[in-house]
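Now, the feature entries from TrEMBL:
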- 68-93: transmembrane segment (TRANSMEM)
- 105-123: transmembrane segment (TRANSMEM)
- 143-166: transmembrane segment (TRANSMEM)
- 178-197: transmembrane segment (TRANSMEM)
- 209-228: transmembrane segment (TRANSMEM)
- 280-301: transmembrane segment (TRANSMEM)
- 322-344: transmembrane segment (TRANSMEM)
- 364-387: transmembrane segment (TRANSMEM)
- 408-429: transmembrane segment (TRANSMEM)
- 441-459: transmembrane segment (TRANSMEM)
- 526-544: transmembrane segment (TRANSMEM)
- 564-581: transmembrane segment (TRANSMEM)
Amino acid sequence: MCLNTGYPCDCLTHGNPCEPCRMTVKDREREEAHLSNDINVPGRSGSTCEPELNIHSNGVMKERGRNFGLMLSGIICLNILILGCALVSGSAYKDVNISSSDLQVFLIILLLLTSIWMVYYVVFTARKEDAIAYKDCHAGPVWLRGGLVLFGLLTIIMDIFKIASYVGYLHCDSAVKVAFPVVQLVFVVLQTYFLWIHAMDCVELQRNITRCGLMLTLSTNLVVWMTAVTEESLHQTTVPEYSSNTTKLSGRNIYSRAGYGDDTCKCSHTSCSLFKEAYYYLYPFNIEFSLFASAMTYIMWKNVGRVTEEHGHHKIKFRPTEVFLGPVAGVLLVVAGLATFIVYEMEILKYNRDEDKKDKVVMIHFVMNIVIVTLMSVSTVIGCAIYKVDHRDHVSDKNPTRSLDVGLLVGASLGQFIISYFSIVAMAGTGAKGYLNRLNLAWAILMVIQLGLQNYFIIEGLHREPFHEVQQISVLANPYVLQPGKDLSILEGSDMETKPSPVLTEDSLPNHTAEHRPKLLWKRRVLKEVCAFLLLGNVILWIMPAFGARPQFDHATETEFYQFNMWAAVVNVGLPFGIFYRMHSVASLFEVFLTS
C-alpha cells in the first residue's frame, strides 16, 4: 500500500516503498514510540527505556554520594568544634583541671592531621589531570589571598617569638609549649601555600574524601581561632583579686595566666618578658589568619563537584589614581585615630589609679570614635543615594562566595550590635549622668546606625553588576568590500588597492553616547571615593580594639550596671566578632571598589 498518496510513485507496482514513503514510515514509527513512552504502554521496546534508566540511576547514585559526603564531613566538623570548645573553655578557668598543655596536645594532633591531608591533596591533584575540571574565579581573588599571606607572615613571626619565650621555661615546664608553636609555624606555611594555589578548585574526583578533609581544615582553623581569642581576652580582661573593688580591673599592665609559665617557673633568660609582650601584639593577625583560612576553606568545600562558567566573569582592574578625596580623607582619619589611640593606651596605663585623669583620656577616645563613626555614616548615606540613581543590573547567578560574604558580614556585625545595645540599655538605665555616659550613649547609638547603613551599602554593592566602560568604537577598513561598479573577479586579480572605508571617530559617534559617559563616570567616581573612605575608616576601627583598646572596662558604668562577670562575658564574646567584622568589611569594600 502506498503511504504517500499525494505524490505520484510506482511503489505499488514494484512492491518497494519509494523515498517519500520510507520517510513517512519513519516519522510514524517515531511518533508512535514517543506516544508509547508518554503513556507507559506495556510492550514497548527495551532499547528505548534502558538509557533513561541508566541516566536516572546514575543521578540517584551521585546524589546519594553527595548527601553522604556532606553529612559525614558535617559530623566531623561538628564533633571537633564541640570538643575544642570544651577544652578551650575549660583551660580558661583556674578551677577547671584542664591545663594549657592538654589543650595544646589536642591542637598539635589537629594541626598534624590537617597538614597530612593538605599534602595528600596537593600530591593527588598534581598527579590527576582531571581531578580539577573547573575553577571558581570568585573564590580566591588576589587581594584575599594577599591578605592571607600577610597575616600568615605575621603569624609566623608570632610563633617565632613564642618559641623564643617558651624555650626559657623548658627546665621547669612542659616541652609541649615549645612544640605547639613549632607545629603551628609549619602548618601556617603549608596552609598558606595550599590556599594560594588551590582556593579556586572545584574538585571532581574523590569528592567525599575532599569534603571531609576540607571540614577537618575548617574545624582546625576555628579551634585555633577560639584558642587565640580566649588567650587575648584573658590577657585584656584580668579578673580583680581584691574584694574592695570587684567591678573594675586590677590593672591592664599585668598579664593573665594566658601567658605561659606560672609564678613558680622562672625564665632562664632575660628576654622572656620582651618576647611575651611582642607576641601578644601579634595575636590579632593570628586571629585574622585563622578566619581568612576558614572562609576560603568553606568556599572550597561548597565548590566540590560544582560546575562553573569560566567565561562569565568580568576582568576588573585596580586603578588607585581614579580617586583622591576618599583616600586622603581616610588616611587623615587613620592618622588621627592612631594618634589618639596611642595616647589613650599610654595614658590609661599611666593613670590607671587616678580616676580624673583616666576619665579625660577615655573622653578623648570616645570623642574620636564618635567623629569616625559619624563621618562614615554620612559617607555611607551618600553612597546609598548614588545606588538610587544607579541603574546597573543585579547579579543573577548564585555563587557560594557571595553568599558567604553576606552571611559573614551580617553575622559578624551582631557582635558589635550586642555590645552597643547593652551599652544603650546601661546608659538609659542609669540616666546617662555625666559627660562620659552621654558620650558613651551617643557612640553606641551612632555605632548601631553606622553598622546598619554600611551593611546595606556593602550588600547592595556586592550584588550589582560591574560597570561596563564605554569603549571607543572604531571600524577597520575591509579591503574585500566591493566598491560600486567592481566585480569580485576583478577585485581578486587586482593588487588589492581599494579605497579605505570610512572610520568612525568620536565626532561621528551618536550624541546619546557622548552625553551618557559623563554621568556614568560621575557615579563611578563618587562610589569609589565612598568605598575608599569607608575602607580606611574600618581599618582604624579594627586597629583600636584589636590592639588593646577596652573602653568598655575603663569606663565603669556598664561594669557596675551588669556586674563584672556578665559584662566581661558580653564583651569577650561580642568584641572578637566585631573585630572580624571590620576586617571582613575591608575586604568586601575593596571588592565593591573594584566593581564600581
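Along the chain as shown, the residues are counted starting at 1.
Heads up, the Cβ atoms here are built off N, Cα and C, so glycines get one too.
Proximity of the transmembrane segment (526-544) to the transmembrane segment (364-387) is established through 3 or more Cβ-Cβ distances under 8 Å for residue pairs spaced 6 or more apart. Tertiary proximity for the transmembrane segment (105-123) is limited to same-chain residues at least six positions away from its ends with a CB under 8 Å from its CB atoms, namely 80, 83-84, 87, 176, 179-180, 183-184, 186-187, 190-191, 194, 197-198, 210, 213, 216-217, 219-220, 223-224, 227.
Counted as Cβ pairs under 8 Å, contacts with the transmembrane segment (408-429) are highest for 564-581 among 209-228, 322-344, 364-387, 441-459, 564-581. Proximity of the transmembrane segment (280-301) to the transmembrane segment (209-228) is established through 3 or more Cβ-Cβ distances under 8 Å for residue pairs spaced 6 or more apart.
Residues 69-70, 72-74, 76-77, 80-81, 84-85, 88, 103, 106-107, 110-111, 113-114, 117-118, 120-121, 184, 191, 203, 283, 286-287, 290-291, 293-294, 297-298, 300-301, 304 of the same chain, all 6+ positions outside the transmembrane segment (209-228), place their C-beta atoms under 8 angstroms from a C-beta of that stretch. Among the recorded stretches 68-93, 178-197, 564-581, the one sharing the largest number of Cβ pairs closer than 8 Å with the transmembrane segment (143-166) is 178-197. Among residues of the same chain six or more beyond the transmembrane segment (178-197), those with a C-beta under 8 A of the stretch's C-beta atoms are 104, 107-108, 111-112, 114-115, 118-119, 121-122, 140, 145, 148-149, 152, 155-156, 159-160, 162-163, 166-167, 170, 217, 224, 289, 293, 296-297.
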